[in-house]
Amino acid sequence: MSWGTELWDQFDNLEKHTQWGIDFVEKYTKFVKERSEIELNYARQIRNLSKKYQPKKKEEDDNKYTWCRAFHSTLNELNDYAGQHELIAENMTSQIIAELTRYAQEIKTERKAHFHDGRKAQQQVEASWKQLESCKRKFERDCKEADRAQQYFEKLDADINVTKADVEKARQQAQMRHQMASDSKNEYSSCLQKFNQEQNEHYYTIIPNIFQKIQAMEEKRIERMGESLKTFAEVDRQILPIIGKCLDGITQVAESIEPKNDSSQVIESYKSGFEPPGDVEFEDYGQAMKRTVSETSLTNSRSDSKADRSSKGKSKTLWPFIKKNKGSNPEDFSHLPPEQRRKKLQAKIDDINKDIQKEMDQRDALTKMKEVYVKNPQMGDPNSVDPRLAEIAHNIEKLQAEAQKFEGWLAEVEGRMPVKSDPPKRTSVLYETQNSTPPTNNNCAQDRESSPDGSYTEEPSSEVQSKVQPETAESGDEFDDADEEMLPTIGTCKALYQFEGANEGTISVVEGELLYVIEEDKGDGWTRIRRNEEEEGYVPTSYVEVFLDSNAKDS
């Protein structure tokens, strides 16, 4: 079926139809664009959701549980899932939206040219028709004039009173009119023949050709629409294997969850290492006898002299009922039960050893570089490496000292304490930070784990002891008060401006003074610092530049 033969008289309707087709292409393009935006927004929301539930730094320990690892893997798979929807949007934009936008402009230009040719041919036919009508009217008018002239001549010729000259004049006039009518007739005949020829060519040649081109254009538009719809489906189908892999990954990690293993991990995480307490002995107040303290697993490491002193001191507190420390955790993890403390110390030692290995690797690389410079001076100055090597050596020495400190604490936990004749043991974070030399009259974690009252204390002040606990309960109470006042240093600071500590609890500083930090700014704008053992207090945070120790930053 050809539009040229079947729709020869539907020029206006074809013009409307083709315009509607182009509008439909633009409408479909807009639809795909909105679908692409939906995919992008969906992918963005999925990514934000995955990011929102990613484990925070403080939650990294949760990865020891298989169900936590499965959830975190699900979040990662969800990220890949979102990436596939971004790919859908990208492919729709490049393969459909861009192509259809370009094609719509092309088809608009082509349609405009075809209908311009059709209007031009129509105008030519209309002009030829107007010329034919003009010739026809002229022929009609000349015929009427000729008839009137003939009738006038015949009237004069029959009238005997009219002169011969008037009759002759009327006859000549009639002949002239007849000649004009004959010429008009010939002209009209010629115009009619020309019009019929042009009209025939218009409706059987020109218009069919134009309409055929318009029909081909429309069929191509429809075909492109079909291709776009197919591409629309293919873009989705292409990502289905990847999405299937994402879903398979989620299924696999879900199947990898091991409840038995996780429940065992709970034991590893929270096992204190203590034995349950034994029976409490009956204390008969009716008899004048010395009170005794029942021997439990919490006090079985005490000597007899400590047991005697404990009966005079505080009442015994069992481990499950000890109030937990709400302050900052001590550096040696002494706030934790022995088993958990051992794990934390071992993990810390492993991290320090990794840092030492990194520094040593850098040192070896720089040493090799220096050797190359020595052999080939044109490649670089060997002396330029020395500052960095010195810095690395200092870092290694510092890390090794740190590792040795933690290994000492680990030895205490594991029961490998040195004998009395050995060098003094670590006693206080405060004194160790400020003086770098521990006092010789105290031990730390061992006494703390088996304190005279038979309890495992979690008070943070136990980390800042600097004296041997006195024999009497009264002096022990004074020591507890001193413990509460002494806090370990967590870094240093430099005074940027002078501050007059006029109010209670503040301390005066001068510009450029170096002090110790014992408590960070809790959000109220004040930092707690110490000058020496007697002087400490608060200063505005904005007045000092704080340098926290690495372990304080990690905590």
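Just so it is clear, glycine is given a Cβ too, placed from its N, Cα and C backbone atoms.
When the ranges 174-201, 342-369, 398-425 are checked against TrEMBL, the one recorded as coiled coil is 342-369. For the domain 'SH3' (488-549), the model's pLDDT averages out at 89.
Within its own chain, the coiled coil (342-369) is flanked in space by residues 268, 273, 332-333, 336, 380, 385, 388-389, 392-393, 395-396, 399-400, 402-403, 406-407, 409-410, 413-414, which lie at least six positions past its ends and keep a Cβ under 8 Å from the stretch.
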